[in-house]
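Below: the structure, in structure tokens.
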Amino acid sequence: NIILWYEEKMILSTLIKNSIIIFKLFLIYILYLSTIVSASIFDQTNKNRCVPVTLPICKDIPYNYTFIPNPIFPHDPATLHLQTDHFKPLIRTQCNPHIKFFICSVFAPMCPESLPQAVTSCKSVCQEVKKDCIKIFTEFDIQWPESLDCDKFPEEPSLCMKPNPIQMENNYYNHHFKQKYGSNNKLETIFTNRLAPSCPSDLINLDPGDRNASCAFKCNTDIMFSKKQKNDADYWLFIISIINISITTFTVLTFFIDKKRFRFPERSIFYIAACYIFYCLPYLLKYIYSYEDVGCLFTNGGQSYLIESGVDNRLCTISFIFSYYFSTAGSLWWLTLTLTYLSAGKKWVPEGIESFTNYLHLFTWGISSILTMAVLITNKIDASELTGICSVGNLNPFSLLAFVILPKLFILTGSGLVVLGFSSLCRERDSFRQRGTDTTKLDKLLIKMGLYSLLYIGPMLVTLACDFYHYLVLQEWYPATIACKMYGGADRGGCRRQIRPQYEIYILRIGMQMFIGISTSIWIISLKTISAWKNFIFCTKEDKFIKVQEPQKVLLHKAPSGALYHSLIPSGNPPPPPPPPTQATSSTIQYIPCGMFADFSILFFTFFVKLSLWIKSNFYLKYSSFKKYRLQNLTVCLIHSFVVTCCVLVFFILHQDKIFNDIIHYDNWLHRQIVIFSQAYFVHDLIDMSKHEWNKYTLELAVHHIATFFFLGAAIWSGKFLIYALWALLMEVNSVFLHLRTIFNISGALKIYPILYKWLLHINIFTALIFRLGVQGFQIHWAFKNLNNMHFIYCIIALCGGSLFIIINCIIASTDGYLGKFSKYIAKNNRDN
């Protein structure tokens, strides 16, 4: 019994223990279930909500929020992105105006914020889209996607969406999706091939998804010209450019040192020479920058292609402006020459012609500007495969016809005016011969003008013929290259090219264009030019005297102003003999100050070069390369500003009687050197920047430097407005503190000397108000006050230039935060505009 009692007790004890263990396990299970339930409830409340639409193709649909999880496609966002990528080619086909809205309503259903739930398109929308787009699937033997089965979509009056027809019509031609998408999806490949034909293998397809997109020439690929032809072209064009620049520069300098000798109409010839100096500069630009830097752009994948249209490459735009603007201006000055020559034949005196010079300048520079802006606005700039230089009409025949050939045909009408001028002068010459008047000088003038007309019209006709040849070539090559996709594409057997054009004709065209500039030198081939240069180089000038001679009938007589009336053909009786001469005892030689180019320009420029090298060798060596360059450059700027500030302030203190009363006519050789000193600095800084960095900031500075160089040069070339230029140089007082402040910023000295930096900041603001805005305000006030004493061209320059500088300084002040936080925000976001 004892044993049985013990066994029963052990069994009971075991049962109780097991029951306790089971109960504990049950409690643990209950806790686990409660945790799962609570987590599930949390997840549901966290997932079932409205979130912003993030799918790229659905950014501009009529709603902004979608419901998650998607009841139609319960996938993660990455999977949804991948699924929508497969339908991008179908959306591009625009088989139905509502295709994009329908696809987005499937993958990103609308979620009303007031009642979070998924709202997709109505069944009628699906049926309408399927009706228009099913033919694309049928054409390639593909079934309508199961995910777009219209039976899955609700019908009215259930909650569903219908697109707004007006909004869909506005978005029908939206080009938001002209991007490159990579996918191995079969449907996308079929749609893409159907939508956009391919380009030839040696061209770049700029937009595979657009059948009207252009194909582009690959840079450094031989398509229309071989590598040897390009190298030969570079060699010959470099030689011709150097010759042209040398001769035309000599011609222009001769005009500057002996202005009184050249009056209208022959003065137009020197403007032609000046235009062709600038025309040749882009051909030398290639030897500073590479072929790709000037004439190419890069795709997102890093491939370089020849520019076919657009202004994205700034060097390309600059080379276009130089080549097109100045070649057009040179042609218009030829037309001006023929007009003034005809006027001279009609017995207009030079003074009568010169009274209209403002209108002549407005005609030539204005029309050139209008044509240049028209090309820029229409994005017709393109690069030449042969030279890499940007112009217009290199790749597009329609641009060549509109902007090159037609204007030249119009300008060639000047040839008829030359013939009329010759006939008038020849009749007058015969009339004077019958009266016994000496016509030797008139004969020389006719010969010189006739020779120059032949040297201009001949090359112009050759150039025009070459342009026509290029036009015919582009008529065949443009559909086979740039517009290949528009004409069927290379994959369909189209875009077959003709034989390569004759590159010699293109070299001949550019050479003849430059020869027009070279031909202007015939007007300075005389002993008078040698005498003028001798006097200029040795800084001497002979006193004028009149030789004793017998009175005789002459056609050309001495004008009271000292200029020869080359074009003055007197009417009626021959001119009376000159007044009785007076014998000069001797021809004394006196020393006079040298002209602009014999001043200290080269000396000042050399000074800045040496100063820059010394600073680069001894200062700021511990900084990084960019900071080192910026600090060294700013130090040179600071020295220039300090020197100019001291000189100008001393001048204004010592010549208080001149600074307000003789602004136009005051001229002094010593004070002129202050202006030339600044000119030399701007040239040096421009070269220094182009060597070290070239970006938007330096491009803005380059435009400023070039404009300031010509602004200061105008005071030197004309011998007027020297005090006006010195007033402008007063702005360098503010530049001293501006450069100091910038040096403090870049070098980190503002953290070491914060109080000094704060004082510099306040002085900078004060000097900007006094020596920038104050000086510019005075200049504009002075220009208004003297409107009646100046030519209207001078007034326009003074008023527009002064106003523009004030606007620029206000923008800079806003960007620096001097005009408040709001203006700083507005200026920084809109500064490019």
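Positions of Cβ are set from backbone N, Cα and C atoms, glycine also.
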(message) Going by the disulfide annotation in TrEMBL, which one of C111, C122, C126 is bonded to C150?
(response) C126
(request) Please work out, from what TrEMBL records, which of C50, C199, C215, C219 forms the disulfide with C111. (result) C50
(request) Give me the non-local Cβ neighbours of C111 (disulfide bond): same chain, 6+ apart in sequence, Cβ-Cβ under 8 Å, ordered along the sequence. (result) R49, C50, V51, Y63, Y65, T66, F67, Q117, A118, V119
(request) Please work out which residue of C50, C95, C104, C133, C150 has the most C-beta neighbours within 10 angstroms of its C-beta, and give that one of the disulfide-bonded residues. (result) C104
(message) Using a 10 Å radius around each Cβ and all protein chains in view, which of these disulfide-bonded residues has the most neighbours: C58, C126?
(response) C126
(message) How about long-range neighbours of the transmembrane segment (634-654): same chain, 6 or more residues beyond its ends, C-beta under 8 Å?
(response) 608, 611-612, 615, 619-620, 671, 674, 677-678, 681, 684-685, 688, 726, 729-730, 732-733, 735-736, 739-740, 742-743, 746
(request) May I ask for the distance between C150 (disulfide bond) and C104 (disulfide bond), taken between their Cα atoms and rounded to an integer number of Å? (result) 15
(request) Could you tell me which three-state DSSP class C58 (disulfide bond) falls into? (result) helix
